[in-house]
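Look at TrEMBL and you will find 37-55, 75-95, 107-125, 131-149, 169-186, 192-218 tagged as transmembrane segment.
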Amino acid sequence: HCIISLCTLFSIPISFFHNKYIFCKPILGRDTKRKKALYYIVGLISFFTLLPFGLKFINFMFYKSEDFYNIISRFFYGTKFNCLGIGTFIGFLFFRNKEYINKILFKYNLLTLVLTILPFVLWFFQFRTDHLNDEIYAVLFAFSIYNIVQHPNIHIDNSITRFLGKISYGIYLYHWIIVIVLVRYIPKMDNIAIYNLVLYSAILSATIFISWISFVTYERFFLNLKKRYDTIKR
């Protein structure tokens, strides 16, 4: 079921443009380093994309161990360093060629609309490929997020997005626990579309509610503590 992929796929759009700054900032500080940084990013993507295939090939040729095969599959399914690299790479290209890319992406409204909603439509209807499934979604989600954030006619800075921004740590932290619980306890339905609608709605609602509870309780305490410390330090 596509919901089992929710942890990785949901983390992709969140982590791409957040982690690309964390990953890129130390190595993109100077123009002389940016070209090398691009090579590093491409190398990271290539290495972690090809590595599981190489390990599985070695296992198939010499060991034929089902346990080792499962370990490889689970480890690389859960880490997805290459997806992080893809987000970093696309973010880097957007950063360096923002005006040029904007002219291409935003010239046609239909293209913008398709690139924005395409990954969500494919995901909802359980589109999957046998190989590089999450990597394909990584690219699609990166373009979708860029369109939403950068398009001049789309304004996402409002009370709802500011609220979600405040509780975003909880959303990222708790959503997979909620996914596991609800997938287990919400009864299956014959109509898969209705089941997905019920399941996703329940996950979204529960995640936002629990994240809000987390924010107004212990998270706010530590944030206030941090503010007091910063004030004293200044």
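Here the Cβ of each residue, glycine as well, is placed from N, Cα and C on the backbone.
Whatever TrEMBL says is automated annotation, not expert-curated.
The stretches the transmembrane segment (131-149) and the transmembrane segment (75-95) are in mutual contact, each linked to the other by at least three Cβ pairs under 8 Å (pairs 6 or more apart in sequence). Long-range contacts of the transmembrane segment (107-125) within the same chain, counting only residues at least 6 positions beyond its ends with a Cβ under 8 Å from a Cβ of the stretch, are 2, 9, 137, 140-141, 143-144, 147-148, 151, 196, 200.
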